[in-house]
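A.B. asks: This is the structure I want to talk about, given as structure tokens.
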């Protein structure tokens, strides 16, 4: 096409110069990528759209760029669902649309007498009128396509076309008055160029924003005489010569992308750094409103600044306004977000699901917090002790421990708490509220976590395992406390004596030793205890409650410790060994008590008689000798006992139970001690030796009685005549002389006896029983004394 020169009037040149010097939409546009747009909330998107539309309207008002930018259309498309026409309705309008496009396309594109600026203004004016007028049938998304081979004007889908006979398009290959020839960079061939009218009739991006024609319009300030130029090149007026189409000699050092001319290259690194540049400071300030950091609204109460979306919610904190109400329960919320999350309580909706364990959550914040359980991420560290936390709020609460801060005070007892949740739970101690009930046994709890742990008592679940010994626990805290057995850690120190304890509760109990305080009193017997748990355990003595049952034999126990001790009988396990004698024990406490036998240590001394004991339980039982206390009463005869074991043994008198059987002779015994002594009669074992004469005895009591023969001690005095005896049995026999009382009567002959042993010996006369046999001649005797007398015949001792 031959080059042409166009002389424009002076006024038109001045107008064009002013138009070219004005800012373009690209200068004021704020461009976000799709990824950046997704990070904006609804309020920020609306603000972004308003800013873009305002800038766009300002440019339209001065007659520049009457086409809505892609970015604005994209935002509007995300917020509004366009009404879609049916295929029948759309096809009926294609012909009218094509006719309208044909009119102004042929009118201006075929006119070779117009300059490129005039063509631009005329086409823009027609397109603007089509946008504003209601007579136009053009819709969003339509386009004009000029075929590269046949010069057709087609709709976007290519299903309807209007052929332009032998039409040349000088607009695409126009030699402007400045002397530069402008060609499209990618799609210009010998005869035509595609034009798309997208998003409210926006001209194709290659022509509008990227073509050399568009670049020239922005930079050229004054029309110049046109010069001839070879096809496909762009030659400037001065020394700035641009390269042939397609060549990009300026590469980016970061990603290798090429640019056809160098002015574009300094702006490209902002893609990698995320930096955004603006031609005017006002544009930068406008853009900064998009970011959440911008504080546009100031609170008069606190002086804090907030963006528009957060300001209303923050003001509600001061006013207490809760304008969003739940239709189901009437609960109020200061923000719509809080109401939406609350609705899920009624609907049960939990849209956030953990891929690791499948657990669902109603709030994304709870879901994110839960995920740190799997990742074990604890990004918030305490500067005092180095402890890590998954959330900053937990760190702030923890820091109150170091500061000693307890902002939540109980008005009833004055106790302070670091957390509001702990304070609310504590208040139930005063109100007695126990809203969490066990489905199995009906037991109530003041908060949920003890109920969860309690249910494991019924299920037997022990999810927390010790890595050292494999022992299981129902609670994580119990595992931590148990682990101190292996590490020997005792973090709780007594300020009085410096003694260390592995548990805080043990320290509190120990401190009562120094204070002597026993706050918990038994209403039945008045006995005091330093711990409420010990009082509850003690009350089972009066109620007879035995909640702990052995699964093997069905025996019941009042205390869990007694059950555990009993279970060792079935397992036979004795893991604690004495290093001195090798004897095994089921419990460490029994081992410690046994070791005092070797060391001779007796730390428990009676202040009344100065008698010492190696075990605390023996000391407490002994004290009842002085106090006369006999708390264990027989329900049949009312007899009292100082020990529960004494009561249990006594009850066998009424029941006739003799659980201990001799394997040799089959004789039964009520007491284990009697059974042991009896067995020594068969074995001949006499472990207790007299140091004076070497005589042996099967019982320690008999040894003590014998030693009085050597010492001459006779502690048992008759109050009637003052006669003394070494044995209490001898005193009782003697008392029958004064009273002549014979309480024990023989049912066969009516003879009376002062002692039950005498009655039993007498009854053998009637039964013919002779239990004492001579080992040498097998002769039988009714009485032991007769056997002893007979044995002297064999030994040759004088009778």
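In case you wondered, yes, glycine gets a Cβ from its N, Cα and C as well.
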A.B. asks: Which stretch does Swiss-Prot mark as zinc finger, out of 269-291, 292-314?
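C.D. replies: Per Swiss-Prot, the stretch marked zinc finger is 269-291.
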A.B. asks: Would you mind splitting the zinc finger (772-794) into helix, strand and coil residue counts from DSSP?
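C.D. replies: DSSP composition of the zinc finger (772-794): 11 helix, 4 strand, 8 coil.
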A.B. asks: Answer yes if the zinc finger (520-542) and the zinc finger (604-626) have at least three CB pairs under 8 Å among residue pairs 6 or more apart in sequence, and no otherwise.
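C.D. replies: Result for the zinc finger (520-542) with the zinc finger (604-626) is no.
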A.B. asks: Taking a Cβ cut-off under 8 Å, which residues six or more beyond the ends of the zinc finger (604-626) line up next to it in the same chain?
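C.D. replies: Counting only partners 6 or more residues beyond its ends, the zinc finger (604-626) has Cβ contacts under 8 Å with 593, 596-597, 642-643.
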